[in-house]
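Copied over from TrEMBL, here are the features:
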{"type": "ACT_SITE", "residues": "191", "note": "active site"}
{"type": "BINDING", "residues": "34, 35, 36, 93, 94", "note": "ATP binding site"}
{"type": "BINDING", "residues": "127, 167", "note": "Mg(2+) binding site"}
{"type": "BINDING", "residues": "193, 217, 221, 222, 223, 224, 225", "note": "D-ribose 5-phosphate binding site"}
{"type": "DOMAIN", "residues": "1-117", "note": "domain 'Ribose-phosphate pyrophosphokinase N-terminal'"}
């Protein structure tokens with residue numbers, strides 16, 4: 001078993017290797033003057049089971065291309081099996097045609113990874129479960145819920161927690177986390193616009209008064225929905241509103257928006273490399289999924305069950 005780290009999140013790759021008591025495979029990823037990416041593996045990988053750790057977050061196109069070239073380099077070096085470990089799967093939100101003459105980019109990315117030579121894929125909290133079906137190779141979609149539940153249990157009184165989905169579409173994810181917290185009560189933030197031209201109204205389905213509300217979602221991008229949901233919860237009498245998000249994309253002015261919001265805290269995993277503003281934000285905290293990924297990688301290499309991680 002060998003681990004190759006791309007430039008997408010080298011800290012996470014190093015943490016995975018440390019957990020497994022391994023060294024990262026020696027390789028160099030550099031750019032030519034015209035910005036073309038060049039990858040060179042400096043160790044023999046012939047007949048090896050190789051895992052390429054490379055989330056495809058911003059810059060999404062560069063990180064995706066780097067992943068594809070890493071896979072190709074390993075394939076041509078006669079690696080026995082190549083697993084693309086993509087904690088954050090870029091383009092996952094483009095999983096359907098929103099209108100005529102539009103692409104399904106998530107399917108295209110799946111095709112590219114497969115054609116490049118990957119034998120299987122490991123990801124975390126895919127935005128849409130059907131993305132697994134876009135691949136013609138095995139895909140293990142891991143869940144960050146156990147990591148989140150462990151952190152929540154050490155910080156909030158379990159008997160006063162209500163798990164909240166920031167929209168109707170995230171109820172299944174919220175229910176899974178609530179189950180791990182001793183079947184905590186559920187609430188839903190329902191956004192609706194009664195009449196055209198009127199602003200959206202945030203309705204809370206469920207009782208949140210005097211409760212510590214835990215908002216859960218897979219992605220926080222601009223942060224607008226999350227911050228508005230937190231404000232609605234506090235107005236409804238919640239004692240606090242903490243958000244647990246798997247992928248902290250946090251683009252544009254998201255960090256400033258979170259800092260000035262009613263959120264008590266935003267907790268994100270390290271699936272995406274943190275920029276300086278995220279590391280220094282007073283309301284944003286990161287938890288690691290390195291042990292989760294490492295265990296899944298170990299079990300994959302040993303041909304044992306990955307799903308039992310979540311039993």
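Including glycine, each Cβ sits where the backbone N, Cα and C put it.
Nobody curates TrEMBL annotations by hand; they come from automatic prediction.
With respect to their backbone Cα atoms, residue 93 (ATP binding site) and the residue listed as 'active site' stand 20 Å from each other. Spacing of residue 224 (D-ribose 5-phosphate binding site) relative to residue 167 (Mg(2+) binding site) is 12 Å (Cα to Cα, whole number).
The Cα atom of residue 127 (Mg(2+) binding site) lies nearest to that of 223, taking the binding-site residues 34, 36, 223 as the candidates. For residue 223 (D-ribose 5-phosphate binding site), the number of other Cβ atoms no farther than 10 Å from its own Cβ, over all displayed protein chains, is 26. For the residue listed as 'active site', the count of additional Cβ atoms within 10 Å of its Cβ stands at 15 [all protein chains shown].
Residue 34 (ATP binding site) is 35 Å away from residue 223 (D-ribose 5-phosphate binding site) when you measure Cα to Cα. Residue 217 (D-ribose 5-phosphate binding site) has its Cα within 10 Å of the Cα of these binding-site residues: 167, taken from 35, 94, 167.
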